[in-house]
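Engineer: Submitted below is the structure of interest, expressed as structure tokens.
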Amino acid sequence: MPSDAPSFLDASAALEHLATYNEPDGLAVEDLMNGRLHGGLTYNDFLLLPGRIDFPASDVVTESKITRNVVLKTPFMSSPMDTVTETQMAIHMALLGGVGVIHHNQSPEEQAAMVRAVKRHENGFITDPVVLSPTHKAEDVLDIKARLGFCGIPVTDTGKLGGKLVGIVTGRDIQFADPSLPLSELMTRELVTAQQGVTLTEANDILRVSKKGKLPIVDASGRLVSLLARSDLLKNQHYPLASKDPVTKQLYAAAAVGTRPSDRDRLALLVDAGLDIVILDSSQGNSIYQTEMIQWIKSTFPKLEVIAGNVQEVMAVGRPQATAVYRVAEFAAKFGVPVIADGGIGNVGHIGAVMMGGLLAGTEEAPGEYFYHEGQRVKAYRGMGSLEAMEHGKGSAPKTAGGKPKVVENAATSRYFSESSAIKVAQGVSGDVADKGSIKNFLPYLYVGVQHSLQDIGVRSVRGLQQGVREKRVRFELRTASAQVEGGVHGLNSYKKRLFST
């Protein structure tokens, strides 16, 4: 036997030997984000090193704070773009545990109506229900169903909340009725009600036993004070992660406004419609316009949650997104202020609390109609800095007394230009996005993907990840350009990338 055979350590002492290493593998976040050494970084410029897995992915909690007081079960937000978020997107994002931010490239009244529709979609006690009188007609109920999507409507003697409850009209009552017939001839008069002061749990029990679609809540004199809907019980079962106000049990409603003086009037309408969260939609958040707007909002609507920003690349001014998010988050965390990533997100591993635009474009819930382009079913999509977005509503602009068109700034122009400009410079793209189906089919896959990403890091929650980064237990590594190529798809003549399997 040769005497110079290599000598190996005992494998049972491997962990003990590992503890003798002076430096842990990888980089702490402060070293990674050293701008003097590495410059600004995008998400693809680095990786998180894997950690020990001693728990299933299903144990991972993805709750994320988007404001000091609002926590989402899933860290997803849809962007306030006019080809991404209107009523349906906002409702379904909230049902699935995120929140949708309704765009403001429309009239204040239209935007307020969308906020109101979100708040009425799923409720605990509906404190401002639609109410009709006995003299209203079947056609009024049909109109409400067409506009708001429901037709189980209480009827009071005054046609208003607070009037004496005399009946309820449902879809079955008017299904084959003459539209001109008054509700006094159609409504159901034998009612199951609950007394004012009943708890939500007790009221839900009454609904289950009675098998009715709606439960009117009345005071001691029989006056209508609120309403409970059976459909909301079903939604609670189907959407356990739904984003709701913990007091009212209504879905969270978020909307964007600008920083112009007219946006103060717009915001007042939105708050009156039930707005929970306002986003100041600006390409550059570090401005006196935002500062003054925030101060005004805080003094005028102190209970309204405010999200300000952005910090991103615009017109060759800005910062790579990974560095931007880190620098802002590092400072904001000292004051308990959460940060949301918006832009630059390429895959599910980049997701913490994120604002998504292009990923949700082309879905059933996104605004617009499908059409076919070169044989593929698509929807239009455009950035809010595109010329198409800036010209939205131009043809319907009002005219002055002299017959000249008034200058009407829409959301896109006000977002990128804080002064009147004769020339608008496009800063966004427009195009078509392939049909992606419903977000109900793929958002849960994103949720599971986030769980697996955190499991791979060896942390059980977003909060655990943040704590691990601060304590330097979660480590990072830079990726060269060659490493990025190696980590992607290569060596194939052609390939098809699929994010989701539905």
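In case you wondered, yes, glycine gets a Cβ from its N, Cα and C as well.
Straight out of TrEMBL:
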- ARG415: active site, proton acceptor (ACT_SITE)
- ASP281, SER282, SER283: NAD(+) binding site (BINDING)
- ASP342, GLY343, GLY344, GLY357, GLY358, TYR381, ARG382, GLY383, MET384, GLY385, GLN427: IMP binding site (BINDING)
- SER482: K(+) binding site (BINDING)
- 125-185: domain 'CBS' (DOMAIN)
- 187-243: domain 'CBS' (DOMAIN)
Engineer: Do you know the DSSP helix, strand and coil residue counts for the domain 'CBS' (125-185)?
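Structural biologist: Per DSSP, the residues of the domain 'CBS' (125-185) fall into 18 helix, 14 strand, 29 coil.
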Engineer: SER282 (NAD(+) binding site): which of the binding-site residues ASP342, GLY344, GLY358, SER482 is the nearest Cα neighbour?
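Structural biologist: So, spelling it out, the nearest of the binding-site residues is ASP342.
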Engineer: For the domain 'CBS' (187-243), give the DSSP counts of helix residues, strand residues and coil residues.
Structural biologist: 20 helix, 15 strand, 22 coil
Engineer: Considering only the binding-site residues ASP281, SER283, ASP342, GLY344, GLY358, which residue has the minimal Cα-Cα separation from SER482 (K(+) binding site)?
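Structural biologist: Given the candidates ASP281, SER283, ASP342, GLY344, GLY358, the nearest one is GLY344.
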Engineer: Among the binding-site residues ASP281, ASP342, which residue has the largest number of other Cβ atoms within 10 Å of its own Cβ?
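Structural biologist: It comes out as ASP281.
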Engineer: On a C-alpha basis, identify the one among ASP342, GLY344, GLY358 that is nearest to ASP281 (NAD(+) binding site); the candidates are the binding-site residues.
Structural biologist: ASP342
Engineer: State the Cα to Cα distance, in Å, between SER283 (NAD(+) binding site) and GLY344 (IMP binding site), rounded to an integer.
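Structural biologist: About 14 Å separates the two Cα atoms.
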Engineer: Out of these binding-site residues, SER282, SER283, SER482, which one has the fewest other C-beta atoms within 10 Å of its own C-beta?
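Structural biologist: Comparing Cβ neighbours within 10 Å for the binding-site residues SER282, SER283, SER482, SER482 has the fewest.
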Engineer: Going along the chain, which residues six or more apart from GLY358 (IMP binding site) have their CB under 8 A from its CB?
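Structural biologist: Spatial neighbours, sequence-distant, of GLY358 (IMP binding site): TYR381, VAL433.
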Engineer: Tell me, roughly as an integer, the mean pLDDT over the domain 'CBS' (187-243).
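Structural biologist: Averaged over the domain 'CBS' (187-243), per-residue pLDDT gives 87.
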Engineer: Let's check the environment of GLY344 (IMP binding site): how many other CB atoms sit within 10 Å of its CB?
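Structural biologist: Result for GLY344 (IMP binding site): 17 neighbouring Cβ atoms inside 10 Å.
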